[in-house]
Structures are given as C-alpha cells and as structure tokens.
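These notes concern the structure reproduced below.
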Amino acid sequence: MLSRAAHRGLFTDSLPLAEKRHAVRLTLLRYFFSGEPPLPTLSPDTCTFLLKQCETVKALKCVHAAMFRSHIHLNLFFSTTLLTQYASLGSLSYAYAVFSGAQTSDVFLWNVMIRAFAENGQCEQALELYRRMFELDVTPDNFTFNFVLKASASLQDIEQGKRIHADAKVFGCELDVFVGNSLISMYGKCGLPDVSRQVFDKMFDKNVVSWSSMIGAYAQNCCFDDGLSLFRRMLEERVSPNRVTVLNLVPCISERNDADELQRVIMEHGLQSDIRVQNAVVGMYARCGKIDIAQEIFRRIKDKDLVTWSSMIEALVQADLPMEALDLFKEMKSNNLHPDYVSILSVIGACSKLASLMQARVLHGVAVQRSFQQELIVQTALVDLYVKCGSLEYARMVFDQMQDKNLISWSTIISGYGMHGRGKEALELFNQMKNSMKPDHIIFVSVLSACSHAGLIEEGWNCFNSMLTDFGVTPRTEHYACFVDLLGRAGKKQKADQVRALMRRRGVKKTAGHTVIEVKNKLYKFHVGDRSNPETKLIYEELERLIQRIREAGYVPNTNFVLHDVEEEAKEKMLYVHSEKLAIVFGLINSSPGTVIRITKNLRVCEDCHSAIKYISKVTGREIVMRDAHRFHHFEGGSCSCGDYW
C-alpha cells in the first residue's frame, strides 16, 4: 500500500510517470474499499492522466469527485473529457449530468453529448438535444449535422432527416463533405437512393466515403446495377476504394465475371489481407453459385475468425450442401472456435434439410452448452428443426420450455402440427395463443394450412370467417389459397368455385405460379404454358415424348384440381404444361446425364406435378430437387423425400 507521502505525490505530479501508472489502481482501490476520505485536490496534468486510466464507472466517479474539490470540472476541456469517458463506459446518465452541469453554449460540448447519445443507441435523445440547441440559441455546425443525421438514419425517420437537411442548408453546411456523406447514408437507409444520388451529384469535394456511402445506399435498396456502375465510375476517376467500399459493393454482385473483377481490384489495392473483406468475398462467390471458389478462398484464409467459419457454413447451406455444412461446423469446433448463435442458426438450417433427428439433438446440446437455448430466435429455430425432423415430441418440449413466446414461435409450432396432419392439436394451440396475443396474417396461414392437411372443413371455415370480424385481419391471397386447398382436398369443388367468386368480388388476384431453374450459371423462369424460351419448340417436343414415357410407366394425370369447365382431354393438356414440367424438361435437355436438376416453385407444388415428377425421376434416372413454397422435395427413383405428404 502507498505511503501518505506517495499518496499525496500521486496528485501533485511528484511521482515519476512509471510509478504513477503502477499506483493509480492501488489508490482507487484504497479509496473505495478502505474507507479513507475523498481524494485530495488534483493538478490539471494529473487529472488528464487519471481520466485516461479509468476503466470503470466507479473509478471515474472517484476522479470526478476529486475534480469537484479542485474545481477542475469548471474547465470546458476537462468537462468534455469527463463526459466522453463516461459515454465510452456506457454511463450516459452520468455523461448527461456532466453536460447539464456545464451549462454552456459551446457547440463542441453539445456535439460531444449528441454524439454520445447517437453512438449508444439513444437516437431519440440525440435528436431532442438537437432541438434544444435552437431553443437556447446554440448554433449547430457541420459536426452537429453529421451526428444528428446518423441518428435519423438509425431511426429511419425520414421526416426528421429532411428537416435536418433543410437546417443544414440554412447554416451553409449542406455542401460540407462530412454532412454530404451523412445525408447520402441517411436517405439510403430511409429507402430514397435517388435523393442520395442528388446529394452525391451536388457535392464538389467527394472523398472515398462519399463514393462508398452512395454505393451502400444503392445496395441497401436493391439497386445493384446502379451500385456496380457507380463503382466502375469511381475507379475511372482514380478514387482508391477502401474496405468499406468493398463491403458495400459485395451485395450488388451476383455474376461470376463481376466477382472476378472485384477480386482483381481488391488485390490491386492491397485489401486482400483484410479479414472482413475476405469473409465478404467468400459469401460473394457463394452467392454467384461458385461454391467451389468460395471454398478455395476460405481454405486460403490463414487467421479465420468466427465470422469466416459462419459465412462459409451459411454459404454451404444456401448451396443446398447440408452435409458439407455440418462437416465444416465440426471442423470449426475442432479448431477450438466456439460457435455463436448466428453460426448455430446456420447449422440448424443445414440440419433441417437433412431431417436428421440425431444431428438435431447434437445441435440442441451445443445450444444448451453455449447457453443459447434461452435465445428466442434459437429456441424457435430448434422447434422448427424438430418439426422437420419428424419429432413433434421434441418440438413441443422445446416450445413448452420457452419462457417468452412471440407470434413466430406460435406460428412455427402450429404449422408443425399441421404439417404432421394433427389439425385438432394445431387448433388447440391456436386457441391457447389467442389468450395471450392477437394473431396476425402469418398465424392464420398456419392454422388454415393445418385445417387443410387434416381435412377440418368446418373449423377452417370458422377460422377464415373470424379473421376480419374478430381480429381485423384482412384475408390475403395466401389465406384464400389455403382455403381453396382445404375445399379441394375435401372434394368441395362447388365451394373451391364460391370462394374464387368471392376473391373476384373483393379484387383479390391469385399469385401467378412460376418455376425457376438455373442452367449453366443462368436463371430461367417458366410460367404455365410458357412459350417465351428460345428453345420452346424443342422443349414441347421433348415434353410430349416424356409424358408418353411416364404414362407407360404408370403415371395417370390427376385432373381433379383443374377447375376450368373443359373436356377431360383438354384438362390433361393443361396439366402437361405446368411450369414445373416445362422447367424440368428444359433442364433435361441442357444438362449432362446424371446431373441433379434443381428447380424452385413460388407456390405449393400441385398433386399432379408431384406425381409426374416422381415418374420422371424414375424413367430418366435423374435426381430432381424441388423447393416449393412449403418445403424441399427430393425426387429419386420414383419416390419423394416427403413421402407424398406435403
């Protein structure tokens, strides 16, 4: 413990700097735990030193008290330093107390307090303080506008942002490069990239942040071509991109050539060793469908962090390589990297596709071990996982253990019971849920789907009628689709017609079905009866031959769900040209034997197409993977992974 002389010397600059550093912690501990009187007066130099050494609010309060004794707190510089230190330690209440006590019109201190609020997520308070500046005749400067525009952007408060923009014009700060950059970002985050571009084009002095912010505004609003075009112009004007530029641009890239171009730029500007850039590049190539390149880059990264591993795992999941994703997860753990809940969620997605109950239980154990089992999003994902692995027992166990449930949690378990044909239990859960929260349109989709799977016509009808009358939820296309499906399953065609008539009277339009297939790195979309493809003649010729082959193998067209009043032969022809069949034939023509055909349907696959695709997989010897609006279907050798129940 320090002597009294040394204790006094600490605050009078008589100790050498090295001894001071060693003594600070002991002195602060002595002050708090030995019951000694408050610290003596401070010299300015010692005050500066102590403020920088404080790592806890408790220690900072100690120095704050000593500043009062020395009246140093009246000095604007020390008040600002004290306020900044409180804010950096997360104590905004004490920071605001220092600010209020200063009672100054100096804009610098106001900026520090506004910035502290904005950077600590208290954006409303930052904007309120900004409004008070005008009441007290404190003139804002370019830094003020920079901070409050960022607060408006965080809140996505476009009206407030526009008012601040107008104020910036009045005070002559609109063309300041920092204010301009913040305006670009604010309008982008509020969904107005065109206004961001207007600000950008008016700026005289653009820096790399200006270009990066504008590219980010385009990326955030899915204006990907515009973002890529601006990046190329940036290079033409010899503005060197930085890490933020690359990170903002990556979402704009979906083609291999563009990805290669960006990779060259990264190398030319020496950004290839930046771990965040490397992680983004991995995801970029995966999104371009080049999972092999993504894996190659991933393997070359020397110091992989958790984000690196999580990005690669998620990329494998998105590429429908769940086994590889699980293997990589195991490798990550063997490298002594502990998963966070983001990586856990990615692996849960992989396991869901495999429908492996054993793997599900292993992942559940990892979540418990890492204390993620109390995270609502993880719990809900586990419920969904167990449902897709065929275990309602475990799904219900996780659900019942959840302390907090939201509408997504309820929808997941209700939908799970419906998918397994246990409609009555799904309705019981729905009734339980109504006691604690108001259902939304997603919940009603789950309930109506459950009624459809279980053939509960009366219950489904009552649920459908209660949407608007009891809960104020206007039926959407998906609700009508569920109800039509329910009536169709029950053979109530005259009723599958009354509902359609009701939809027409209410102006509800059925979503047009389409199927997408990727062939040679290019996406092709087909609608029912589509004849827009350049290979249409060849597609229909091959389709006719394929239909004949599967009919000889036992396929019988199911015309029960063709609701048009036409002859049976015409109904069959209408079934033959469904978008799924056209896409599959196109894939067969344009791919090598043995290649897996992968298609995506935006609606639920119809019963006839499901039957036909099983036979197609049998007669062609091809594996066909379909993702529809409900689930994945893996067709192989004449059977489907769903077991004909979807």
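Each residue, glycine too, has its Cβ placed from N, Cα and C.
Unlike curated entries, TrEMBL annotations are predicted automatically.
These come from TrEMBL:
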| type | residues | note |
| --- | --- | --- |
| DOMAIN | 554-646 | domain 'DYW' |
| REPEAT | 106-140 | repeat 'PPR' |
| REPEAT | 176-206 | repeat 'PPR' |
| REPEAT | 207-241 | repeat 'PPR' |
| REPEAT | 305-339 | repeat 'PPR' |
| REPEAT | 406-436 | repeat 'PPR' |
Quiz item: Quick one: DSSP breakdown of the repeat 'PPR' (207-241) into helix, strand and coil?
Solution: 26 helix, 0 strand, 9 coil
Quiz item: If you run through the repeat 'PPR' (406-436) with DSSP, how many residues end up as helix, strand and coil?
Solution: 25 helix, 0 strand, 6 coil
Self-check item: For the repeat 'PPR' (305-339), sequence-distant contacts whose Cβ falls under 8 Å of one of its Cβ atoms, 6 or more beyond its ends
Solution: 275-276, 278-279, 282-283, 286-287, 289, 291, 294-295, 298, 346-347, 349-351, 353-354, 359, 366, 370, 598, 625
Quiz item: What is the pLDDT of the repeat 'PPR' (207-241) when averaged and given as a whole number?
Solution: 96
Quiz item: Looking only at residues six or more beyond either end of the repeat 'PPR' (207-241), which have a C-beta under 8 A from one in the stretch?
Solution: 177, 180-181, 184-185, 187-189, 191, 193, 196-197, 200, 248-249, 251-254, 258, 265, 269, 271
